[in-house]
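Quick look at what TrEMBL lists:
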- His184: active site (ACT_SITE)
- His242: active site (ACT_SITE)
- His246: site 'Important for catalytic activity' (SITE)
- 15-36: transmembrane segment (TRANSMEM)
- 56-73: transmembrane segment (TRANSMEM)
- 93-112: transmembrane segment (TRANSMEM)
- 186-206: transmembrane segment (TRANSMEM)
- 218-241: transmembrane segment (TRANSMEM)
- 248-266: transmembrane segment (TRANSMEM)
Amino acid sequence: MERGPVVGSGVGARIQALLGCLLKVLLWLASALLYFGSEQAAHLLGSPCLRRLYHAWLAAVVIFGPLLQFHVNPRTIFASHGNFFNIKFVNSAWGWTCTFLGGFVLLVVFLATRRVAVTARHLSRLVVGAAVWRGAGRAFLLIEDLTGSCFEPLPQGLLLHELPDRRSCLAAGHQWRGYTVSSHTFLLTFCCLLMAEEAAVFAKYLAHGLPAGAPLRLVFLLNVLLLGLWNFLLLCTVIYFHQYTHKVVGAAVGTFAWYLTYGSWYHQPWSPGSPGHGLFPRPHSSRKHN
C-alpha cells in the first residue's frame with residue numbers, strides 16, 4: 001500500500017523557516033537600533049556646546065533640585081536609604097564606572113592605536129580617579145572629625161560629652177556629629193563629568209572611520225545608559241538625602257576635582273593625557289611638504 005504525504009514534517013519545516021526569518025529580522029532591527037542609537041549618542045556627547053550645557057545642568061540639579069522635595073512623594077522608594085538603587089549602584093558608583101568606562105576606553109584606545117603602552121596610559125586616568133575618590137573620602141571624614149562633637153541621645157534631648165574623637169565616642173555607644181560633606185553627591189557629580197568627558201571621544205573616533213563593530217557600540221551605549229542613571233540618582237540624592245550645604249559642597253568638590261584633572265592636568269605632557277590624545281592623526285600630518 002502506498003503512503004500519503006507526511007503533513008507534519010512539512011508544517012514543521014515551514015515553522016522553522018518562519019522562525020529563522022523572524023530571527024533574522026529581529027537581529028537586523030537590533031543591529032539598526034544599535035547603530036542609530038550609538039551614532040546619535042556620540043553626536044550629542046561629542047558636541048562641545050552640549051557638554052557646556054551639561055555642566056550647567058548638573059549645577060542646576062544640585063542647586064535647585066532640593067526644591068523639588070516639596071513637590072514629590074516623600075514615601076517613594078527612592079526616599080529610603082535602603083532602596084535597591086542606593087545600595088547596589090550609588091554605594092558602588094565608582095566600581096560600576098570603572099567597569100563600564102574601563103572597557104570602553106580599553107576598546108577605543110587599543111583599536112585606534114594597537115599599542116599597549118598608549119592603552120595603559122589612557123586607562124591610568126581611571127587610577128587617578130580612584131585616588132581622587134579615596135582621597136576625597138578620607139578628607140570628608142577628617143572634616144567631620146575636626147568639626148564634630150560627641151552626643152548621647154536621651155529622652156529629654158542630647159547630652160554633650162567631651163570625648164576627644166569619633167572613635168572613643170562611638171566606642172562609648174554615643175553619636176558623633178560634625179559637618180558631613182555629601183560623599184554621594186561628590187561621587188555622582190565626579191562620575192557624571194568624567195564619563196561625559198571620556199564618552200565624547202567616540203564622535204571623533206567614528207568620524208575617522210576607525211573600526212566600530214557591534215561590541216564597541218554596545219559598550220558605548222551601556223556607558224551612556226549608566227551616565228543617564230547617574231544623573232537620575234544624583235537628582236534623587238539631592239531631593240531626598242543630606243542637608244543643602246552638604247550637597248552643594250560635595251558637588252563643588254567633585255567639579256573642582258574634575259577641573260584639576262580633566263580641565264588642567266591632563267593637558268600637560270607629564271600626565272595620563274586627555275581623552276583622545278594621540279589616538280587620531282592631525283589634519284596636517286597627511287600633507288606633503290614641498
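Quick reminder: no glycine exception, Cβ is built from N, Cα and C everywhere.
What you are looking at is a predicted structure, and each value in this text was computed from that prediction instead of being measured.
Sequence features annotated in TrEMBL and their locations in the structure.
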residue: His184; record: active site; Cβ neighbours (10 Å): 21
residue: His242; record: active site; Cβ neighbours (10 Å): 19
residue: His246; record: site 'Important for catalytic activity'; Cβ neighbours (10 Å): 19
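Between the transmembrane segment (93-112) and the transmembrane segment (248-266) there are fewer than 3 Cβ pairs closer than 8 Å, counting only residues 6 or more apart in sequence, so the two stretches are not in contact. The list of residues near the transmembrane segment (56-73) in space but at least 6 beyond its ends in sequence, with Cβ under 8 angstroms from a Cβ of it, reads 79, 185, 189, 192-193, 231, 234-235, 238-240, 244, 247-248, 251, 255.
Note: the CA-CA distance between His242 (active site) and His184 (active site) rounds to 9 Å.
Between the transmembrane segment (218-241) and the transmembrane segment (248-266) there are fewer than 3 Cβ pairs closer than 8 Å, counting only residues 6 or more apart in sequence, so the two stretches are not in contact.
Here His184 (active site) is positioned 10 angstrom away from His246 (site 'Important for catalytic activity'), judged by their C-alpha atoms.
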